[in-house]
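Among the features that TrEMBL reports, domain 'RING-type' is placed at 45-83. Look at TrEMBL and you will find 1-37, 211-278 tagged as region 'Disordered'. Taken from TrEMBL, the feature repeat 'WD' applies to 455-487, 541-581.
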Amino acid sequence: MGAETTSIGGALVPSVKSEPAESSAGEPSPPQSEMEQESDKDILCPICMQIIKDAFLTACGHSFCYMCIVTHLKNKSDCPCCSHFLTTNHIYPNFLLNKLLMKTSAHQIAKTATPLEQLRQALERGCEASVKDLESLMSLLSEKKSKMEQEEAETNLQILLDFMLCLRKKKLDELNEIQLDLQYIKEDIHAVEKRRIELYRRRDRYSSKLRMLGDDPSSKSAWPSVMDKHSGATASRPVLTPDQCRLNSGDLQNKKGEARSSASHLLQRKDNYGGSDTQNLTQSGLVLARKRRVHAQFNDLQDCYLQKRRYWAKQMPEQQGRDSHSLNREGYSAGLEDFQSVLSTFTRYSRVRVVAELGHGDLFHSANIVSSIEFDRDDELFATAGVSRRIKIFEFSSVVNDPTDAQCPVAEMSTRAKLSCLSWNKYAKNHIASSDYEGTVTVWDVTTRQSVMEYEEHEKRAWSVDFSRTDPSMLVSGSDDCKVKVWCTKQEASVLNIDMKANICSVKYNPGSSFHVAVGSADHHIHYYDLRKVSQPLYIFSGHRKAVSYVKFLSNHELASASTDSTLRLWDVTENVPLRTFRGHTNEKNFVGLTVNSEYIACGSETNEVFVYHKAISKPAAWHKFNSDTEEGEEDAGSYFISAVCWKSDSPTMVTANSQGTIKVLVLAP
């Protein structure tokens with residue numbers, strides 16, 4: 001083998017050149033492939049450049065495919081090779097060439113055919129063979145067939161065995177997991193029963209003590225002295241005769257009976273006029289209702305229990321190494337205690353009750369959509385804003401306690417553009433920030449009703465704004481201009497800018513950090529940034545199928561998101577994992593609001609309903625439908641949707657609003 005180089009524009013490209021084999025005479029013979037290529041060229045049609053089919057010869061001596069030459073002569077009257085005058089009357093079948101082509105085709109087929117095809121062709125051509133040769137051939141074929149069948153059977157058995165082994169391993173893993181779960185359940189049942197026995201014994205001890213106190217005469221005689229002691233009486237009591245004692249004892253019993261009757265009457269009045277939701281429900285009835293909620297969501301609760309139990313079981317070896325007390329004071333494991341908290345909070349409420357309602361609509365503004373509701377630092381005031389270009393501040397206690405529908409705000413600020421979002425400063429009670437449809441971010445002083453700072457760097461509509469909880473001077477905003485901007489109330493320009501590829505729908509500071517921000521984007525993702533390094537996000541949470549309209553933090557590590565794919569999702573921003581998906585509401589095109597507290601997530605729906613989810617259960621725990629009091633047709637009434645929701649801190653109370661401008665104070669109820 002020899003190597004040569006070819007120069008191409010100054011660069012050397014190595015190539016390998018093969019040396020031809022020499023003939024016995026010492027002279028090199030042309031390669032067989034070149035001879036075949038030359039012969040193949042002779043049987044190609046000059047028109048289609050393919051092997052001639054149904055060869056026809058012209059008067060000038062050239063051969064073509066019949067269809068090729070006929071098609072050519074329909075357009076021209078000359079030979080494609082020599083331009084000699086030619087018509088269809090001057091072409092004739094080329095029998096010799098057709099015969100040669102058939103032989104060539106048969107030779108090529110035989111050359112490329114498999115041995116079995118060659119044997120079949122030989123037998124079809126009537127190849128002579130003796131009976132002995134045929135028997136030998138049949139015996140050979142039979143042995144070959146048996147061998148192939150055996151190999152195929154062995155392969156099938158190997159595949160079947162592999163499948164059965166994998167299936168056994170999978171089932172054993174499942175069995176081990178089930179046995180481990182059963183062990184957890186057994187331990188937890190024992191702990192719960194032990195705790196119940198302790199509570200029953202404690203209750204019996206209390207009951208016995210009460211009976212002893214009721215039956216002990218000395219304790220009865222001691223009561224008046226105790227009362228006198230506490231009342232500060234200094235006069236000594238007169239000594240009573242036995243008759244006087246009997247008389248006074250009878251009077252005492254009568255007075256006790258009157259007191260019980262009066263107390264019963266007062267309790268009855270309280271039940272009749274107290275407005276309690278559980279006035280007609282006994283304790284056993286409440287327990288039965290809570291049990292029904294458990295069975296209605298049994299599968300989700302089962303998954304929640306097993307998930308928490310397995311998680312804490314993995315954490316226990318590490319904790320036991322650091323702390324010998326792995327059980328709480330009630331004898332519960334960490335997983336059982338965690339699940340009990342979920343179960344008690346989830347079964348506590350089953351419906352949503354309206355506490356107060358007020359109309360938000362303005363006489364001079366037909367557009368009444370409330371885009372945002374926010375409580376102040378102390379939950380005493382709440383603010384509303386929307387397309388009416390007004391921020392209204394209401395006193396929560398007045399709204400709840402005053403039954404009138406028309407509530408006057410305690411403060412009101414007008415803006416130039418429609419408002420999209422509000423964020424109350426959690427340190428400065430009188431400061432609230434707003435974002436509007438012109439891209440302006442404004443910080444307001446509620447006391448003076450004047451703007452403190454105005455930031456106009458966004459080029460398009462700003463959808464979201466949020467104050468930092470750890471640094472009250474910092475706030476962040478997101479806009480349709482695909483930019484996230486960080487502002488400081490002490491400066492007139494943005495202090496940080498993040499350029500993204502899609503519209504920004506929502507921004508939110510992590511409540512435990514002034515450096516971490518979650519961004520909900522129209523690209524279907526949540527981008528979690530560390531503001532100290534914004535070249536790329538810390539995490540990107542993927543799962544939503546449409547734009548992410550809201551992001552809200554339940555805690556320092558739990559993030560909830562809403563999307564127009566009609567789902568809510570819960571994420572762990574510390575571990576960078578999805579936790580749960582919530583379905584039940586409808587949200588395909590509008591901003592319907594999202595609010596969270598430590599246990600519950602609430603959102604609106606395009607069916608004009610408010611849905612409440614427990615963070616550990618994927619199905620709604622309760623919901624409430626706004627009744628439309630419009631005089632328009634049902635078709636228009638059905639177009640209303642919930643547009644804003646906001647929890648009152650960690651209480652079961654929230655303020656909600658819809659696109660009609662109606663504001664309701666709702667509370668979770670048993």
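Backbone N, Cα and C define each Cβ position, glycine as well.
Because TrEMBL annotations are produced automatically, they should be read as predictions rather than curated entries.
Model confidence over the domain 'RING-type' (45-83) is summarised by a mean pLDDT of 90. Long-range Cβ contacts of the repeat 'WD' (455-487) within its own chain (Cβ-Cβ under 8 Å, at least 6 residues beyond either end) map to 420-428, 431, 433-443, 493-509, 511-514, 517, 519-520, 529, 531. Shown for the repeat 'WD' (455-487): DSSP residue counts in helix, strand and coil, namely 0 helix, 18 strand, 15 coil. Residues of the repeat 'WD' (541-581) grouped by DSSP class, helix first, strand second and coil last, total 0 helix, 25 strand, 16 coil. Note on the domain 'RING-type' (45-83): DSSP counts are 10 helix, 9 strand, 20 coil.
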